[in-house]
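As written in TrEMBL, here are the features:
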type	residues	note
COMPBIAS	69-78	compositional bias 'Polar residues'
REGION	53-78	region 'Disordered'
TRANSMEM	320-344	transmembrane segment
TRANSMEM	356-379	transmembrane segment
TRANSMEM	399-418	transmembrane segment
TRANSMEM	430-457	transmembrane segment
TRANSMEM	477-497	transmembrane segment
TRANSMEM	527-552	transmembrane segment
TRANSMEM	564-585	transmembrane segment
TRANSMEM	592-612	transmembrane segment
TRANSMEM	628-654	transmembrane segment
Amino acid sequence: MSDDLSIHSSSDISVKPVCLLGGSPRDLDDDSRMLTAESSAFVTARSAVDLSVASNDPFGPQEEHQDTSRNAQESDAQQTRLWGTIQNKAVKALLNAAVSAGHLLERMLEPPVGNGNPSQDASLLQVVHTNGLTEPFDAPNHITHLTLDDLPDEEEEEEEEELETPRIEIDLVSTLQAYCKNPSDCFGHLVAAALSSRSKENPVTGDELKEARLNPYLVRMIIDSRCLDLEDKTVHAEIQRCVDTVISSESGRVSLSFYEYLPSLLKLNFVRLSPERYAVMKDSGFEFLKLLCEYPHVLPPGRLNSIRLNYVHSTCYFDFFTMILSTVLEIFCITGIILALIEWVTLNDERFEGVFGYYTALVYGIGYAAHLIGMIFLMRGKARNAVYGKMICAFPSPHLLVVPVVPLYNLVSIFTYVRYRKANRCGKYVVILHDIVAAQVLSSLCFALCVAMPQFIYQSIVVVDNKKLLPTPKQHFFKLLTASAILTFLVSILRMLRALAMYDSINCFGFACFGYQRERIIEKYSAIVRMIHVLCLFLFELNVSFLVLGAISVADCKTTSITTMAMAGASIVILLVLFFLLLLSRESVFRLMWALLPLTPLQISLFIYQYYTFDGGCRFLIVRNGNVALFCFVMWILFLFLVLWAMQLVVVFLSGKLRSLSR
């Protein structure tokens, strides 16, 4: 018996794991994850010897069952105690983590020791206890430094929550100093938290604003909080200093990284820009120019500056008038072409059988196609519609020029311009208004170059060469075409000259150019040279006509025709080289002015030679002395005037450089 009991006592001892939270028992084969017998998660069952009774006791099995139930109850009680222990450990771990975080924040905000400034030795994070009857910072007794000893226990915290809710506020000066030392989002949020406790009754003063140290990010945050004391003269001076720092007169252009801060700075009524900073800002991109239109009070004194002349004052009436004038002149040109076509088609002459009418329609068709293609190409210089923001209606498309005869594009442009002008408040749509006008100027210029001038030159040759077929009383269409074509040319050239010479932050096509494309922004002093290049397009047409007239007049006047053809041909070659370099080269327009050196003497020689050559039987001179003479005279005078102006600008520019070098 005793041997059997000893065997049971040594072999029937079982160790069973208690599964927490209703989980399944873990795999006992995993030695690395198996709990030991000393773990509280295990319950050691009694051996079979302890649980058994004498062999002669008939109730032995029943008592063993009762002991097993009692052990299960003890196991449940032990599991409950174990779960409570785990919860207590977790709470202590969370408290330790909170204390560690508090120490870390205190070390981050702790100012340098031994700086001799007792005001900076104070804790940056301050707690203000308010009971609803006092305002923040109304008494020094309400401000206490947040330390580890001030962290309440669980029981004290529950009692305080029943009484009142503590309120935490951060000192603004210390957070501004911390951000200046370590600029990051963390300290930026602390500054925002400090500003949230301020109000108009407790505003930010000029002395506190000085702690921002002219940082545009901090100054903008303080202004946008609407808690700044705008009556304080120190505030005025500090914000003006910040604006002068952001817009430096020494730099060529304002950095794009400062753009987001400028609206908050410029909206204040006491901010002003000096003439130097105004010049820098308006040439930094059209988004900066738009800010000047939205806040015109920052402009320097004086009414004669480009922003006031072009956008602030009522110059919209001038733009509207010139748009209507260009449209009316184009309608007159098209009317003259239609009348010429009707006159040549209905001409009763068996020798020609309407051939002049056919060529009139052909010249118009080629010019119409060139106008459409040219506008599609030029509109690529315009920025995407995304820069305009929310649009009332779509930007006029150049594909409207597909409709022949009717100037539909100009009409839609005028209608769109009027709609945006009525809705323009505080410069909201100044960008799209500028681009609508610029696109209409380019359309008028392309029409004069591709449609009006070729048709005028062709009709001049045909009418003068067939005076017998078409007597003077029947030339009313030609007079209308001559007047409208020359006026269209003059108006388009003058409008383009005004756009290049008076508008700021534009590209070579006259469209608005933004800061991310600032390498394409042209300088105003290059406007004259660029207009000379535009006039070279008309000079090219004129010299081509001289070349054709000289070729068909060789039989009548050989010497005059050959001389004219030689000078016109040389001019055409120079112009083609110039156009090729302008399209493919990235050189400055001033570096391409060398092309004007041979071109200008050639045109002057051609002008003098034609006016002082007399040969009554020369067909070329007969056509040349007709209405074409007026167009040639206007063209050459305008060209030579711009050339002289450009030479003067070059001389002034070089003399200024020499003076600066001599100093």
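Including glycine, each Cβ sits where the backbone N, Cα and C put it.
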- Message: At a threshold of under 8 Å on Cβ distances, which of 399-418, 430-457, 477-497, 564-585 pairs most often with the transmembrane segment (356-379)?
- Response: 430-457
- Note: vs the transmembrane segment (399-418), the recorded stretch with the largest number of Cβ pairs under 8 Å from 430-457, 527-552, 592-612, 628-654 is 430-457
- Going through 320-344, 527-552, 564-585, 628-654 one by one, which has the most CB pairs that fall under 8 Å from the transmembrane segment (430-457)? 320-344
- Going through 320-344, 527-552, 592-612, 628-654 one by one, which has the most CB pairs that fall under 8 Å from the transmembrane segment (564-585)? 527-552
- Same-chain residue ranges lying at least 6 outside the transmembrane segment (527-552) that approach it to Cβ under 8 Å: 445, 449, 453-454, 457, 461, 489, 493, 496-497, 500-501, 508, 560-562, 564-565, 568-569, 571-572, 575-576, 578-579, 582, 589-590, 592-593, 596, 599, 603, 606, 619-620, 623-624, 628, 631-632, 635, 638-639, 642-643, 645-646, 649
- Message: Do any residues, 6 or more residues outside the transmembrane segment (592-612), come within under 8 Å Cβ-to-Cβ of it, and if so which ones?
- Response: 529, 532-533, 536, 539, 546, 563-564, 567-568, 570-571, 574-575, 577-578, 581-582, 585, 621, 624, 632, 636, 639-640, 643, 646, 650
